[in-house]
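*Asks:* According to TrEMBL, the protein has these features:
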type	residues	note
DOMAIN	9-227	domain 'HpcH/HpaI aldolase/citrate lyase'
BINDING	R70, E128	substrate binding site
BINDING	E128, D159	Mg(2+) binding site
Amino acid sequence: MTTSIRPRRSALYMPGSNARALEKAKSLDVDCLILDLEDAVAPDMKADARAQIVAAVQGGGYGDREVVIRINGLDTAWGEDDLKAAIDARPDAILIPKVNSPADLERAAHKLALGNAPQTVRLWAMMETPLAMLNAAAIAACGRDPEVRLSCFVMGTNDLAKETRAKLNPGRAVMMPWLMTCVAAARTGGIDILDGVYNNFSDLDGFAAECAQGVEMGMDGKTLIHPKQIEACHAAFSPSEEEVAWARKINEIFALPENASKGAIQVDGKMVERLHADMGLRVIAIADAIAARSNA
Ligand code: COA
Ligand code: MG
């Protein structure tokens, strides 16, 4: 379960085999980095990428950026070695691909415990298989189990399209039931959820539209594939000044003595309930946490 608010507006993937990208990441204004050993790395390069990622994470220099290592699945030829190496590297989180059920996370968590990984090393889960869509609530419940230490869902829309044969088209109409099911599941588990990637990184307008859709859906942030996508992503997922001002205003008004016993009040011609004030507190906390970051 996430205990303190941490902005996860942007999570940039980079191939673990790409030394230049691993270095460049230290200067990018991004909330999270996903150093990948899985889909972005060819089989011949897996061992080199693993060594390179361990050296990069141990070498540090990533500041406040949350550093996440995506390993290969534990049923593949590389998974066990990846997990051992990732545990030694002590990243902020280890991202498990193609999670189908809680057992997949429990298996990884067991290895973390055996490897004496501190609780600061969290697990993240790729939600990208048909079975994961059907088991989303059970998987998210791992967020309530301190032994599993699950903190975040990451939507893997490319794999989901491949495995289901559903089309990943602009607007993502057919994906919507799965995406929203995972949002609901994430909330029940008290964890964050990051939206899938937008493959056409040259189309910044299409990307901005998909970010706006993710915000509307309640996603906490979006996974990215190229540095070009960071700015629009942050513009979409950061609370606007107006939102923060409104959040402060309604909380101040509810705090007035004359409103102490009221559940619903009128502000600027709109009904405002205490639940809106609570939502506002989250907006303020996110805005404060963004302001406190030193990466920008
Ligand atoms: N992370 C960090 N830096 C990146 C980056 C990334 N994901 N993608 C590109 N860059 C850097 C390049 O190294 C280059 O830096 P330089 O100018 O200092 O040399 C700069 O950004 C411009 O890159 P560009 O030439 O536009 O792209 P490319 O052709 O080198 O790479 C991709 C295109 C798609 C191969 C690359 O963006 C990539 O590997 N993305 C991530 C893929 C991935 O991890 N997929 C798995 C999950 S979906
Ligand atoms: Mg994948």
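Just so you know, glycine gets a Cβ as well, placed from its N, Cα and C.
Note that TrEMBL annotation is computational and uncurated.
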*Asks:* Need one number: mean pLDDT over the domain 'HpcH/HpaI aldolase/citrate lyase' (9-227).
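*Replies:* Reported value for the domain 'HpcH/HpaI aldolase/citrate lyase' (9-227) is a mean pLDDT of 98.
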*Asks:* Just counting, how many other CB atoms are there within 10 A of the CB of R70 (substrate binding site)?
*Replies:* 25
*Asks:* Taking a cut-off of under 6 Å between Cβ and any atom of ligand 1, tell me which of the binding-site residues R70, E128, D159 pass.
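*Replies:* By the Cβ criterion, which requires under 6 Å to ligand 1, there are no hits.
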*Asks:* Within 10 Å of each Cβ, count the other Cβ atoms, then let me know which of the binding-site residues E128, D159 comes out lowest.
*Replies:* D159
*Asks:* Need the DSSP three-state call for E128 (substrate binding site) to compare against my parser.
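*Replies:* The residue in question, E128 (substrate binding site), is coil (DSSP, three-state).
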